[in-house]
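A quick write-up on the structure given underneath.
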């Protein structure tokens with residue numbers, strides 16, 4: 001795909017551009033015609049086409065013309081003649097259930113999209129013997145919350161039937177489809193100790209040669225970043241998708257630190273939420289101003305003051321060795 005700069009394509013060697021056509025050296029522009037100049041035709045938006053497959057195996061499809069995650073799922077579903085609600089999540093450039101390659105709000109222009117669809121449903125009974133279950137929850141932006149990480153040695157880690165990538169469909173027969181990941185994390189935290197509860201889970205459909213990854217305790221330096229370095233398509237919940245350069249290394253580092261704080265405070269990981277908070281913190285002179293800014297755009301999260309203070313410090317005054 002040919003890149004176009006901020007001011008359009010550069011003129012070819014040998015002369016200036018006139019209506020997109022190079023002129024020979026030494027020629028003069030024709031005199032302007034009398035009367036008002038004809039209106040210029042609107043510049044066509046770049047046609048971005050992405051390749052996609054079902055993760056458990058399928059032919060390759062081509063999709064384009066989406067501006068958010070729900071529209072992306074609808075395009076994939078149309079290609080493979082399935083319902084959009086069958087798609088649990090997507091990964092980039094791998095068919096495996098790899099949470100480091102999870103599709104968030106950005107897609108690199110050369111990324112290949114793999115859609116993981118509903119597989120078997122299972123129920124598991126859990127007894128909460130500790131305050132923390134050891135789960136990190138995320139969601140697909142289209143109504144499904146699923147398990148992104150299982151902490152080693154935790155309550156959930158001792159249950160072999162629960163795996164990374166499993167979608168949480170219900171808690172004690174109460175459906176949570178349509179809930180955001182932070183709402184599901186809050187429900188799980190508020191469950192009483194020593195009282196058993198039931199999780200209804202849906203695992204991604206797997207091909208015979210696919211082995212799901214049970215847990216991942218280490219954090220990869222590239223986690224949360226899907227930029228190819230040559231530009232990304234940023235999907236937005238409101239408004240059109242935006243074609244932009246990928247984040248700088250310092251912005252990626254700051255977003256990782258904030259994502260780690262989200263996991264430790266709330267039991268969720270969300271690279272797009274972390275990036276949004278980084279942008280807000282960079283424009284705030286202090287933690288108090290950041291708290292006001294976050295309340296105005298992310299008030300449903302109800303972030304505690306100590307968490308906001310740590311976010312501001314992680315972005316604006318990272319500790320030595322974090323850069």
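Heads up, the Cβ atoms here are built off N, Cα and C, so glycines get one too.
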Self-check item: Given ranges 212-231, 232-251, 252-271, 272-291, the stretch to which TrEMBL attaches the annotation region 'Disordered'
Solution: 212-231
Practice problem: Kindly state the mean pLDDT of the domain 'PDZ' (123-190) in the predicted structure. | Solution: 91
